[in-house]
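This report refers to the structure that appears directly beneath it.
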Amino acid sequence: MPIRVPDELPAVNFLREENVFVMTTSRASGQEIRPLKVLILNLMPKKIETENQFLRLLSNSPLQVDIQLLRIDSRESRNTPAEHLNNFYCNFEDIQDQNFDGLIVTGAPLGLVEFNDVAYWPQIKQVLEWSKDHVTSTLFVCWAVQAALNILYGIPKQTRTDKLSGVYEHHILHPHALLTRGFDDSFLAPHSRYADFPAALIRDYTDLEILAETEEGDAYLFASKDKRIAFVTGHPEYDAQTLAQEFFRDVEAGLDPDVPYNYFPHNDPQNTPRASWRSHGNLLFTNWLNYYVYQITPYDLRHMNPTLD
């Protein structure tokens, strides 16, 4: 699926070097087809890096995807140039009267922060409430899963004693589930979080269907039966080097982090890691776009909410 982005977005050249099909707005305007409108609420500090990761995964299908980047934190960013944010991101007020086929809410490094202490917690709640009437399907990633479970289901914050970091094995629970179509019975995915997601908690306090979990009973992928919301507790979008960058950052900060599990060859941080989760990550996003967005979204987005012109 060619992703449709502004001509000047840095990701255009970055992804083209990887032979990823990126369609600029100027070229897309010549195609008579309604693109899927996907809104990305980017909560990660290094926004350009995160853009590249998610856009890569949204690029593999024959339809256009029109990407809109959203920010809700008005504080000055220490990791992303203000010019980039001003040129490529919108505020909630800019899109609150629009409808979207899909919404992706990224993770955020807030695992040890109480929800009410998050600077933009009221804005998160506002976006999630808004999405019920304005978005066909929403995909929550890592910390956003924890936030959504609290806002939508009232589940208290669950925090691990030690950070979960590494590449872990998961198994699918329903072989014919659409979101895991094409997955191997067992697959690998990276995690980097303090948030805890016991599968038993999800089963006991929600009506969500768990689609994949670990042997230890940690939920990895779950969704609502109507396909309106889906949750992935890991980071399938991560590059091969992302966990290494986080590890060495924490080492330099004097935090004495554990070496990420099942990641560095021979468990030696001096060895170059290889991504073992790319195929599953691509399948997950392709399946979400196809079965949870494209297959159920109205052709005319105004029909999602008849009060909108």
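In case you wondered, yes, glycine gets a Cβ from its N, Cα and C as well.
Binding of substrate is annotated in Swiss-Prot for SER192, ARG249; the matching candidate from LYS132, LYS157, LYS163 at the same site is LYS163. Note: the Cα of GLY111 (site 'Important for acyl-CoA specificity') and the Cα of LYS163 (substrate binding site) are spaced 9 Å from each other. Farthest C-alpha pair in the substrate-binding residues LYS163, SER192, ARG249: 14 Å apart. Within 8 Å of the Cβ centroid of the substrate site, not counting the listed residues LYS163, SER192, ARG249, the chain contributes PRO109, SER165, LEU243, GLU246, PHE247, ASP250, PRO257, PRO260. Across the structure, GLU237 (active site) and SER192 (substrate binding site) are spaced 12 Å apart at their Cα atoms. Contacts of SER192 (substrate binding site) defined by a Cβ separation under 8 A and a same-chain sequence distance of 6+ are given as CYS142, LYS163, LEU164, SER165, HIS235, TYR238, THR242, LEU243, GLU246, PRO260, in order along the sequence. Here the recorded positions are LYS163, HIS235, ARG249; the one with the fewest Cβ atoms within 10 Å of its Cβ is ARG249.
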